[in-house]
């Protein structure tokens, strides 16, 4: 069964100190990065949009109350999620921003009041349009011809999908110019999606062919556009609705309404049936209510209404704050709900040993999808809601992910219902399960020897953010485990090509490539290796802090909890988790076996760590020989901060080709802007080789 990844259940009002806030912030960052990865990279989210937004807002609140907790890689400074390398990456001519999600009418009215006051208008005109539940894409036309397609990616860079986009029948390869002249360069954005009926037919065909079906149209659309073989994309029933022109070469229009009129004249489809021009927010709210009533009858999935200030002068006045344009809001729909019964409860064991209770439900249809499972998060949640086996419950499914139990319908009880408690022993390895005092966290103590943990740990260990063994994806990791070839991480380094050639889908070249990649992974930066180990509560930021404080792995292994808590941003709970991990003989044994295999760790923070100390950099555009994450990591290794937005604390903006609004923002603030040559010159002045 798939792992159900829990999310932190935090009471922010109970946090009254910086150490406690630091622990909470690290938990939230780790959870958000994980969910970004599942949403943007795997196309397999395990939390609803509402739950993600709740976590995001909690982290925003903590960082606002404790500014010292803000980190350059915090999800609050990101527009979106990470980009895979397989398709290649491109830099967007202008950032593809995300929209602030709101769920209550009061929030919408507050948004509208802000617009009205800051624009100095009695009535603000909005454009209200459906928020499609698909994959955001960008197309670039030059001289009327399609030259590039890309996914949104992290908002600054995206995956290059030109060949795939060209297979979508509704996408013009050449724009019409009979009704309106076509600009020399046009950058348009839209949402790729599948109609419900076409998605259902597509899934039926896959089922008949013995292939895995997609959970929902959004995942199907995203997976189809990310194919390496465009012939596969061509066979998928994809469509695109366009909604925006990026302001990269100045604006030829005064309002968003004018853009929506121009797009179809060029052959770019917009959702004309459900777009409304609204004079005042009441009209937009009425349109939202109408779409809520009609959403199940629409031929495609939408999950809310996007409300935008119509005129672009208003956009300029309101501007962008962090990751959100202040001139727009996404008013999300309420989650779909249904009543069913709990047939059984069981627990799943995640990568870090976290135990998650899951309810087995009597099958019920929610929003057109049959639901048979619901996450219960933790024992505290079970006790608080008094959930028992046999109960009739109200469930909700928001964002097409694993549903949640909203409440028990106690009037339906007949006395046969049975209470449930997380077991004292791990159901997979038999090790002791430790339950926290507040019952919000339970962990299997089996560590690296627990098969359930190991299955997920191996995937994490090989991931791009960890040791980056590119050829060891999830399916291949599962294959190695199921074949009995590896039981611990160190077994990876005992594999031989002959072992792989016995397995399906391996030829001589692919087997040798994987062996070479595994061998290369023995040379690692200390912080990446610490992150790869999957220590509970240790994300990439905490791993970096540890590498900055301890020169070697041995020094960290020998550190006690008191020594660990002297590090800024590492509280007692995180320190206990680290010390417990390295005190475990099985964990230390695995690390020793990896050393015997040739593990070599380099600590990039041990030398020249302060050469750029005190400086804050912002990178924009494309840099030759650097990915965005690589150059940010490089300056951080030399003591600098790397942030995603320009502020009064920014010392330098490094701008390459395709630099967008960040360069303009720097010019407006009088912040030095460096091209790549000037950036390298600065590094040389500090005695740093790049």
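FYI, residue positions are counted from 1 along the chain as it appears here.
Backbone N, Cα and C define each Cβ position, glycine as well.
Worth saying up front: this structure is predicted, and the values here are computed from it rather than measured.
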**Prompt:** Out of 23, 26, 122, 129, which is the one Swiss-Prot records at the NAD(+) site of 49, 50, 51, 52, 53, 98, 99, 152, 191, 308, 332?
**Reply:** 129
**For residue 152 (NAD(+) binding site): DSSP state (helix, strand, coil)** = coil
**Asked** For the recorded Zn(2+) site formed by 426, 429, 444, 450, which further same-chain residues have Cβ atoms within 8 Å of the site's Cβ center?
**Response** 349, 353, 427, 428, 430, 431, 433, 445, 446, 449, 451, 452, 453
**Prompt:** Quick one: Cα separation, residue 152 (NAD(+) binding site) versus residue 131 (active site, N6-AMP-lysine intermediate), in Å?
**Reply:** 15
**Request:** Please report how many Å separate the Cα atom of residue 51 (NAD(+) binding site) from that of residue 429 (Zn(2+) binding site), as a whole number.
**Result:** 31
**Request:** For residue 49 (NAD(+) binding site), just give me the three-state DSSP call.
**Result:** helix
**Prompt:** Of the binding-site residues 426, 429, 444, 450, which one sits closest to residue 308 (NAD(+) binding site) when you measure Cα to Cα?
**Reply:** 444
**Request:** Out of the recorded positions 49, 99, 131, give me the one sitting nearest to residue 426 (Zn(2+) binding site) by CA distance.
**Result:** 49
**Asked** Any idea what DSSP makes of residue 99 (NAD(+) binding site), helix, strand or coil?
**Response** coil
**Fill in**
What DSSP reports for the domain 'BRCT' (607-690) is 29 helix, 16 strand, 39 coil
